[in-house]
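**Q** First the structure, then my questions, so here it is.
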Amino acid sequence: MAAACLAAQRSKDPSTQVGAVIVNETDNKIVGTGYNGMPAGLDDQFPWKRDGEEPLKKKYIYVTHGELNAIMNKSSADVKGCTMYVTLFPCNECAKLIIQSGIRKVIYLSNKYEKSNETQAAKRMFDEAEVKTEQFKTTCSEILINFHECLQ
Ligand SMILES: O=c1[nH]c(=O)n([C@H]2C[C@H](O)[C@@H](COP(=O)(O)O)O2)cc1CO
Ligand SMILES: [Zn+2]
């Protein structure tokens, strides 16, 4: 989950940064990472606005979700049987991708949109498809990365 949080920090979304890391079934090796961002090459021309009347002037219609990027970036042949660590409970569209890609477990950090239709639909699809969902629990509140120590 720390790796997912680190990936999230690369997102340019000023409001919600979502990171996702996929690990394989056999030895928990990372086989894909991603974060929410505009499709490749479009970064500077598209809005990060979340509010307003016009959908074309808001981020939602354009942004690629962290989960999709993690699956697209996979380094293995496929992600069947894998687990995804993701900093936010996936939406319905990501749930479809996760299910269809063969990922069997989703460990999430935040569920701040729990009451939304998208989250409820996602949960329903995961349950029906028997993809396990579990909130990440830890007693560790932070991981400090010290570049100077890493240099030694
Ligand atoms: O499954 C998801 N994955 C994901 O990457 N996101 C991204 C899309 C947006 O850039 C951001 C949500 O923005 P906001 O919290 O401002 O509505 O999170 C959002 C969801 C849905 O919760
Ligand atoms: Zn999504």
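For all residues, glycine too, the Cβ spot is worked out from N, Cα and C.
Annotations per TrEMBL:
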ACT_SITE  Glu67  active site, proton donor
BINDING   His65, Cys91, Cys94  Zn(2+) binding site
DOMAIN    1-119  domain 'CMP/dCMP-type deaminase'
**Q** May I ask for the distance between Cys94 (Zn(2+) binding site) and Glu67 (active site, proton donor), taken between their Cα atoms and rounded to an integer number of Å?
**A** 6
**Q** Would you find the one among the recorded positions His65, Glu67, Cys91, Cys94 whose Cβ has the most company, meaning other Cβ atoms within 10 Å?
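**A** When each Cβ's neighbours within 10 Å are tallied, Glu67 tops the list.
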**Q** Could you break down the residues of the domain 'CMP/dCMP-type deaminase' (1-119) into DSSP helix, strand and coil, giving a count for each?
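**A** DSSP classes over the domain 'CMP/dCMP-type deaminase' (1-119) add up to 33 helix, 25 strand, 61 coil.
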**Q** Report, in whole Å, the straight Cα-to-Cα distance of the residue listed as 'active site, proton donor' from Cys91 (Zn(2+) binding site).
**A** 9
